[in-house]
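Note sheet for the following structure.
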């Protein structure tokens, strides 16, 4: 839920289950938790800046992610503390030098990713996480909605932490829609209205994401290409849009001329970074071979179609958003990596079947430092919910999983895992769409022994306690997807690669 399930895709050989082998979504009674198709464990340490000997600095990195995949070998360096619950996907062209990390294909600065590199902690919202990598080009796709003041504010904060020359490595699609200050104001006003009328709100980040996508769907929105074209025409359309919002929200105050003046200044700052995003991605896919990683922002359960509606974001943050948010054809999508914590978290309101409103939830929240990167809100915590993970797999088609924050469970004597739901006394094989129904489900748990040992020093599969290994195998067997990475700490070195 929230930011606990993500997706990633890439195309390459090795480590994938045979295509002819269909695994069940849940194990048959009495079956071993070992997956027969898994290769022998030969874990590798995920190291940091493993780069091609002859980098091509102008290549795009089709996702804001800090994970690079080379032919037959991966190197992932996103912090395991990342709150990313979106999807990461790698198109099929993965051989050769150079890398592209499209920093998102959907959403805006409502999501937050914490990335730890060389002891420095960076917080990203609009910037692709791959912007840290000086040998990769980062790309913000057309599906993203961009608040320009927020983009530059974010960049300045990370510059103080050591980020350099980001403007030279960032490309922005000319088709991306703009978030205006009044969109953010309206976001807050709508929450107040919901609270007054319904006694509850959605719990948005108040970053203007929903109102901007509303403008986009109503065909009154403005895009990057409009800002960089005829400014008089842009100003006229901006004023019309502002007046429309003021007519819907009479208390809304907008400094139209002041905002236009700021936008004109931002236009000149971003102009060198803007490209035709479709042609840019086409060249990246069909030109000299590149490693392309697509980073999603929000979790599968926040997808506007497949998430816990209405407590969702305003765009498609499951794998389909890669095609519509970047202009990548479906046949170019390769592996899809699901990113999931070893327990479940959620920020904000909405059904959460395995939530633990007790000392276990408090322990997970405290040990996991579970605070929203964007809002600072405390994350709700609970046991790992395999119904949610299987559902995310149904939608996204994971080829492998990254199981993060395993070390947070180190102190527990026993660990529960949600394996199925019952509704009105009957087990259901699906994840309910209706929130009221989801609130009523009874979770069936499997209790596993804890390991009561420190895993933060583990660097190989063999270093993990047997009970921790069994926990990972249990997840693999119930979901039918191999765990490729296990996170046991913040640093890059704390990511164990299993095959």
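Note that Cβ sites are derived from N, Cα and C of the backbone, with glycine treated the same way.
Feature annotation from TrEMBL assigns region 'Disordered' to 1-64 (among others).
Per TrEMBL, compositional bias 'Low complexity' is recorded for 18-29.
As annotated by TrEMBL, region 'Disordered' applies to 81-111 (among others).
What TrEMBL records for 112, 113, 114, 379, 405, 406, 407, 487, 488, 489 is GTP binding site.
What TrEMBL lists as active site, proton donor is 113. Other C-beta atoms found within 10 angstroms of the C-beta of residue 113 (active site, proton donor) number 29, with every protein chain shown included.
On its own chain, residue 378 (substrate binding site) has 365, 370, 371, 372 as residues at least 6 apart in sequence with a Cβ closer than 8 Å to its own Cβ. The substrate binding site annotation in TrEMBL covers 373, 374, 375, 376, 377, 378, 379.
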Site with most surrounding Cβ atoms, counting all protein chains shown within 10 Å, from the binding-site residues 376, 377, 407: 407
Among 114, 488, the one of these binding-site residues whose Cβ has the fewest neighbouring Cβ atoms within 10 Å: 114
Alpha-carbon spacing, residue 376 (substrate binding site) to residue 488 (GTP binding site), which is rounded to whole Å: 23
Rounded to the nearest Å - Cα separation of residue 377 (substrate binding site) and residue 405 (GTP binding site): 19
For residue 379 (substrate binding site), the number of other Cβ atoms found within 10 Å of its own Cβ: 22
Euclidean distance between Cα atoms of residue 113 (active site, proton donor) and residue 488 (GTP binding site), Å: 17
Rounded distance in angstrom between the Cα atoms of residue 379 (substrate binding site) and residue 113 (active site, proton donor): 14
